[in-house]
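Below is one structure, written out as structure tokens, with a few remarks after it.
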Ligand code: HAM
């Protein structure tokens with residue numbers, strides 16, 4: 001029986017893999033204008049980092065982590081021994097905890113330093129029930145800004161994200177930005193208590209899991225998909241009535257910056273996000289076109305206590321992540337198709353096999369000079385080589401034939417105009433060797449310059 005990819009994973013085939021690279025590069029280009037620099041952290045971390053950082057009561061930690069133990073520890077577990085906490089490892093379900101751990105570990109924001117602005121892209125892993133737009137391995141692009149609590153950081157981050165969506169082709173008229181403030185450690189405890197009390201009053205109508213989790217974090221009930229819970233939570237106390245003066249001022253400033261930049265948003269006092277580290281600003285971007293029930297294409301917020309939580313010095317933070325796959329669905333629903341990943345400047349065809357060695361040298365010289373080139377590797381007829389050239393999207397076909405070679409020439413056909421001309425082989429080779437000194441990222445010569453254009 002054939003073995004397929006694991007449930008909840010997807011292969012990105014060449015056209016989409018190229019689009020994903022373009023998606024990531026476009027995001028990084030835009031984010032770099034705002035001062036963000038790339039960071040790469042491990043795909044797995046100590047499980048404790050996620051438990052402490054993201055929160056034990058969250059679905060992500062309590063149900064969705066892929067947890068592993070390395071070889072020698074696996075043997076210990078089988079034999080009934082316990083293993084050290086640091087030997088318990090989990091695949092990262094998100095990027096924030098790892099980046100904040102790296103900031104703390106390498107002291108990237110020493111006292112009084114400018115904020116560290118970091119961006120990342122790569123796979124995340126959550127053992128969720130797969131459905132459209134929800135996978136077990138998915139790609140995120142994200143940013144984290146550590147070291148500043150000013151509302152301007154939150155606002156510029158949200159603006160930057162909206163600019164990126166527009167640039168990459170997410171249909172902005174079908175997109176909704178929701179914002180809220182979750183308060184801080186001064187005002188949230190009272191709010192949490194109010195929600196807990198409210199839930200206790202309505203315990204009969206709520207699911208067991210919400211009631212159980214209410215002990216650790218009652219705010220998780222806002223995320224429950226159970227219709228009975230959702231109805232009860234509609235009438236729950238609103239955080240906006242509990243914010244302290246500082247949080248209210250911070251929230252008002254974020255909104256004023258957004259309005260000033262012409263960014264349209266909707267306030268949603270029930271938006272709590274699925275991760276426990278947030279303080280103050282939270283936001284989410286949803287798209288209604290082409291999505292299933294998973295319509296959040298990105299989200300984030302402020303987490304001023306997370307760095308301390310994972311053992312670093314007190315360092316305020318703000319960040320977001322966006323899901324590549326959901327964005328791709330939204331972009332495709334708006335009519336976009338991935339362009340072909342195939343790129344070929346020139347296909348070198350041979351009239352017969354005696355020309356193959358010459359064709360092989362010419363193709364290599366083209367590639368060394370920065371021209372993408374291809375030839376047939378299956379001893380096809382000339383007609384079928386032309387078909388192949390068409391299939392790989394070659395702009396030009398250079399035909400090596402005995403008559404042309406005897407005259408020191410190569411016949412060049414423009415595949416768009418179908419016009420043909422003869423180019424001097426010595427001149428072609430001389431031009432290619434002139435540019436061919438630096439095969440790895442050196443000079444790139446235009447294919448037309450080498451093979452000439454038909455006038
Ligand atoms: P999140 O809301 O859990 O936030 O995920 C961000 C985005 O990742 C979602 O809006 C969605 O587009 C995508 N996503 C999440 N789970 C899946 C899935 N199972 N399949 C496909 N796409 C998915 C975070 O991850 C936070 N770390 C964001 C953040 C950064 N907050 C502060 N800094």
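Each residue, glycine too, has its Cβ placed from N, Cα and C.
TrEMBL annotations: computationally assigned, not manually curated.
Feature annotations, courtesy of TrEMBL:
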type	residues	note
DOMAIN	1-339	domain 'Aminoacyl-transfer RNA synthetases class-II family profile'
BINDING	94, 95, 96, 126, 140, 144, 273, 277, 278	L-histidine binding site
Using DSSP reduced to three states, classify residue 140 (L-histidine binding site) as helix, strand or coil.
strand
Least crowded of the binding-site residues 96, 140, counting other Cβ atoms within 10 Å of each Cβ, is 140
Looking at L-histidine and its recorded binding residues 94, 95, 96, 126, 140, 144, 273, 277, 278, figure out the farthest C-alpha pair and report it in angstrom, whole number.
20
Neighbourhood of residue 278 (L-histidine binding site) by C-beta distance under 8 A, where only residues 6 or more apart in the same chain count:
182, 272, 301, 302, 303
